[in-house]
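Asks: Before we start, here is the structure in question, set down as structure tokens.
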């Protein structure tokens, strides 16, 4: 309990000094602005109604309501089998986290379905997490995808409960299109603009972060897929009427991730009313708003976003930008990890694992019975650990013993990550972030090779007994 984790810290995957950064870039949604719990309910309800009214789905699905505690980010959805699941960094399914509709799929059925628990590379989602070109899996990486996962599960549940024969691929496409239309048709934008205090969480620290960077002479730009008028109203609410004065360039309707790589599309200036102008752009002017972008390169740029693929992947791989991931779930998970109950559970789980590894050499019947009891207890404790975070799927970052596929991508595409931009206020603008040297598996002795003084006290007590 003396080494509690700081939810307001910034964590580093790759060494990076802020003194080298001259230009700061930001996404808008879930980076500069955070939304209340009401927004996901709005998206769910609007997409559900579009399914009924435009795709002719049964009106009875209107009885399903959005459950904010059902899904987590980073899950995979098997489009053809209509199951939602959590996959680790090695493409293994975490048993007990596979859901068809709103019901968990028994482990035996999962193993039969996939001929084990491993998902072959050719079935995984493509580079951007999409289900395309024969890939049967779709990975949900966006915070906006939480209502989409819930809606998919609810409609699947309705069809299954009512013994209705349906094509899972069509269902996936219809739900995806309905969620997309909530954005494209402006349903979400109009609702937020009409009641901005209900949907946007006011955050004075956003202005404090931007002001701090501006005071130190840093250049700043905003790149978002959202439309001009929507961004303007949101930024006026959380930053102030003069928000554009803080930015050197503002780019809207960017169509990320394609816009980072498509050099054929020129800039277009947007006027105060959001109308696209036709005149040729020869240079970018401070305080103006533009649509689309051609590529910038260089490690002196640090870009922040919440979407691992759309915001960060191409920037770090193809353009050499430094990247910062905004992971709002990080704060709540760290608070859970700081609780005494969690710490005690994890301490005993690690001790039990050490006992199993060391004592498995005993092959007599009595010892084997004890080992089986320990394995049963370890399985129960793993389930308990999962339930600390989310009853259905557990932690965003870990499966039972491995990093999740989400964390694998986060570690690859983000130099640093944090719960919110406000964490920057805790650091000087010349601060250097050093990743912790995490021991590799071959750099640690096995439990059985450790000197007695280095073994956990609980393990020593158990061995003595």
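Placement of Cβ uses the backbone N, Cα and C atoms for every residue, glycine included.
What TrEMBL says about a protein is an automatic prediction, not a curated fact.
Per TrEMBL, the features are:
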- 27, 306: Mg(2+) binding site (BINDING)
- 27: active site, nucleophile (ACT_SITE)
- 29: GMP binding site (BINDING)
- 29: active site, proton donor (ACT_SITE)
Asks: Validating a neighbour-count step here. Other CB atoms within 10 A of the CB of residue 306 (Mg(2+) binding site): how many?
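Replies: Result for residue 306 (Mg(2+) binding site): 23 other Cβ atoms within 10 Å.
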Asks: Other Cβ atoms within 10 Å is the metric here; tell me which of the binding-site residues 27, 29 scores highest.
Replies: 27
Asks: If one measures from the C-alpha of residue 306 (Mg(2+) binding site) to the C-alpha of residue 29 (GMP binding site), what distance in angstrom results, rounded to a whole number?
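Replies: The separation of the Cα atoms works out to 8 Å.
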